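According to TrEMBL:
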- 51-72: transmembrane segment (TRANSMEM)
- 93-112: transmembrane segment (TRANSMEM)
- 118-136: transmembrane segment (TRANSMEM)
- 141-160: transmembrane segment (TRANSMEM)
- 180-198: transmembrane segment (TRANSMEM)
- 205-230: transmembrane segment (TRANSMEM)
- 250-270: transmembrane segment (TRANSMEM)
- 298-364: region 'Disordered' (REGION)
- 327-339: compositional bias 'Low complexity' (COMPBIAS)
- 354-364: compositional bias 'Polar residues' (COMPBIAS)
Amino acid sequence: MNINPPSERYIVMPGRWKKNAIQDVEKQASRARDRRLRGISWMPNKVRNHLIAMIGEFVGTFMFLFFAFSATQVANTTTGSASPSDAPNTSNLLYIALAFGFSLAVNAWVFFRISGGLFNPAVTLGMCLIGAIGWIRGSLIFITQIVGAIAASGIVSALFPNSMNVRTTLNDTSVVRGLFIEMFLTAMLVFTIFMLAAEKHKSTFLAPVGIGLALFIAEMSGVYFTGGSLNPARSFGPDVVLHTFDSYHWIYWIGPFLGSLLAVVLFRLIKTLEYETANPGQDFDEHEAAVFQPTEDAATAEEVRRPTGQEISTDQLGTPMVPTATNYSNSPSAYNSSPGHSHEPRHHSPGGTPRSSTKQNGYTHKNKHVQHDSLITSNESHSSNYTQQTFTLQQASRAGGHAHEPHQQDVYHVHSML
């Protein structure tokens, strides 16, 4: 099924957008920015961006906890004369853990590009401490997350029968033990978020899956003893709606915050030690991995950096490698969109002169003694023309024109020409 790009209209009425899309494409594109900012054009961009993040965190926190609370309410609902304390069992605990884990994974994936998909004041604190988000933005979404949790609790209380039974309480454990359970479980969750989402890498787009699984595992471990909070907003929302605060409610704030600090310390430690040198090449593709041999003597991350285009211009058969779609552009956005993944422009060495084996940047480049003058010259001609065209299009786009970056199918066409 073909899916059109989202319309720039706030609301698309039946039968109207199709006509506009055919007849008024250029007009719609030229007025896209004005339409998007209509009514808030007076607002400074910094304030507008903070507002967008707050809306994303409110809606995301609400949706995450709404579905999690709903499942918890179902799991803890009893029939007959049985009391709620008799209800929990292993099936219920698994049900609750799955609900929280999958709810976080889905909503974090949805809101990842809007606000970061944090939904947790303890995570927000950690992200501020490592500099992933600013303190002003962090303070705003911190408050928004708490408000979203209260709203989710109120809606669940109103929609589902019986009294709401989603509070976090201690069970068969002491206050001190509960505090440390919350601390260590939260530390695991926050550190997972640091390594999968804050650290940009090849699998960052899959970070919500790993984060959801981390919460699922944590819930399986802690839900019986402490209710498995790991999130001050998760515990605070139901208590506000039910007007019930236990004397040990503070552990659901201090525990997650201490866990967040513990994750920050561990993250800063491995960053200071430059963990990239310990197990390099994890984000390399097959061509990049083929041109170097790692060394245990690497001292800095620069020594195990991603190979440049010139270094991988020849494969094992001596055939010049055709750069991938993202490598045709000379602009920094092609490969430098994530920290630590910067590339130099790819150039083939003219004439196909054999390169000797040299040790550079902590790894040894392999020898390739094959002559391929004509093929390299042909590829250089196509690649150079395409690079120049891409660069011109990007300049025109930044100048406000209607030029756009080449589509993927255009790149495939160039590959076939080569």
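Placement of Cβ uses the backbone N, Cα and C atoms for every residue, glycine included.
Curation plays no part in TrEMBL annotations; they are all automatic predictions.
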Review point. Which one, 93-112, 118-136, 141-160, 180-198, has the most C-beta pairs under 8 Å toward the transmembrane segment (250-270)?
Key: 180-198
Exercise for review: Sort out the residues at least 6 away from either end of the transmembrane segment (205-230), same chain, that have Cβ-Cβ distances under 8 Å to it, and list them.
Suggested key: 88, 93-94, 96-98, 100-106, 108-109, 112, 117, 120, 122, 167-173, 177-178, 181-182, 185-186, 188-189, 192-193, 196-197, 251-252, 255-256, 259
**Study point:** Contact set, same chain, for the transmembrane segment (180-198): CB under 8 Å, 6 or more residues outside the stretch
**Key:** 112, 116, 118, 122-123, 126-127, 130, 132, 173, 204, 206-207, 210-211, 214-215, 217-218, 221-222, 225-226, 228-231, 251-252, 255-256, 258-260, 262-264, 266-267
